[in-house]
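Below is one structure, written out as structure tokens, with a few remarks after it.
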Amino acid sequence: MMLLLPLIIVLMMKLSDARTHSLRYFRLGISEPGYGIPEFISAGYVDSHPITMYNSVSQLKEPRALWMEENLAPDHWERYTQLLRGWQQAFKVELKQLQHHYNHSGFHTYQRMIGCELLEDGSITGFLQYAYDGQDFLIFNKDTLSWMAMDNVADIIRRVWEANRHELQYQKNWLEEECIAWLKRFLEYGKDALQRTEPPKVRVNHKETFPGITTLYCRAYGFYPPEISINWMKNGEEIFQDTDYGGILPSGDGTYQTWVSVELDPQNGDIYSCHVEHGGVHMVLQGFQESETILLVVKAVGFIVLAIALAGVGILAWRKRPRGKNKVICLSTPEH
């Protein structure tokens, strides 16, 4: 039995182009550099777009976006190159101290993330945190002017840092004021790239994972910005059981990709449809009407394979943090 289930795409334009934007700076120190991995790396991002890069090999802070290079004078790069050379040495010392207090040797990492977000409603957030070997170590709470320590070593550092009220207030001010000012400035510099919308392309395929069990995959790719909603529906109702989601990942070309899968018994004759919402367009794929923009391939006994061309967005993901031991780490002036 062959079922033809053409799909309908419903397009609803959003009334606002407001988005959440972020500015983040990441730093990574490595105890045993080698195999092409520098001892120290610092990278800046607006949303998911790389804007700056520094490493211990080049020892230069350099632009990673043309609109950054075109809008910031040479003395900006020279000034922050000097700051980052200082951070490079500080990270090396601090990582050695952490290894000593944890009684660790060999390969270990030390990380820092600082940044801010400008939300769709105009409100702001800020974050500053450290990690050791990819585990949370110290997290700054700008509202209470305090640090959250993740273990006994981190707690020793917390007490020292919290004794310096001036430094705590400085970090709060940087996160809430200076960081947001830089973010707005960078958004203006790169507005053509950062505020564009590229709709997702969507493709559905399948494979038999076990005898009598088929897995349907709905893949969205080539979209920007990264915020996207993608899900499977069974007979018109959203399903969560037997469903697996992939992360929203960069594709390497300034767009994003993601996927969702569902396991099914093709003998049951249920109707499955993939629903995608992205950016300024809301796309709903469901059955019972012809649409020239969709290629529908049908399998027997109610099993459908959809190959769809749509529009979409990607999403960013980052995370890695610290876990400490005895040692006092001094905060320096953040780079921009």
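Every residue, even glycine, has its Cβ placed from backbone N, Cα and C.
What Swiss-Prot says about this protein:
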TOPO_DOM  19-298  topological domain 'Extracellular'
BINDING   Arg27, Ser42, Lys61, Arg112, Tyr170, Gln171  5-(2-oxoethylideneamino)-6-(D-ribitylamino)uracil binding site
BINDING   Lys61  pyridoxal binding site
DISULFID  Cys116-Cys179  disulfide bond
DISULFID  Cys218-Cys274  disulfide bond
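Recorded features from Swiss-Prot, shown on the structure.
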{"residue": "Arg27", "record": "5-(2-oxoethylideneamino)-6-(D-ribitylamino)uracil binding site", "Cβ within 10 Å": "22"}
{"residue": "Ser42", "record": "5-(2-oxoethylideneamino)-6-(D-ribitylamino)uracil binding site", "Cβ within 10 Å": "23"}
{"residue": "Lys61", "record": "5-(2-oxoethylideneamino)-6-(D-ribitylamino)uracil binding site", "Cβ within 10 Å": "22"}
{"residue": "Arg112", "record": "5-(2-oxoethylideneamino)-6-(D-ribitylamino)uracil binding site", "Cβ within 10 Å": "25"}
{"residue": "Cys116", "record": "disulfide bond", "Cβ within 10 Å": "24"}
{"residue": "Tyr170", "record": "5-(2-oxoethylideneamino)-6-(D-ribitylamino)uracil binding site", "Cβ within 10 Å": "15"}
{"residue": "Gln171", "record": "5-(2-oxoethylideneamino)-6-(D-ribitylamino)uracil binding site", "Cβ within 10 Å": "20"}
{"residue": "Cys179", "record": "disulfide bond", "Cβ within 10 Å": "26"}
{"residue": "Cys218", "record": "disulfide bond", "Cβ within 10 Å": "24"}
{"residue": "Cys274", "record": "disulfide bond", "Cβ within 10 Å": "27"}
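Following the DSSP three-state reduction, the secondary structure of Cys116 (disulfide bond) is strand. Ser42 (5-(2-oxoethylideneamino)-6-(D-ribitylamino)uracil binding site) sits 40 Å from Cys274 (disulfide bond), taking the Cα positions as reference. Overall, the recorded 5-(2-oxoethylideneamino)-6-(D-ribitylamino)uracil-binding residues Arg27, Ser42, Lys61, Arg112, Tyr170, Gln171 cover a maximum inter-Cα distance of 24 Å.
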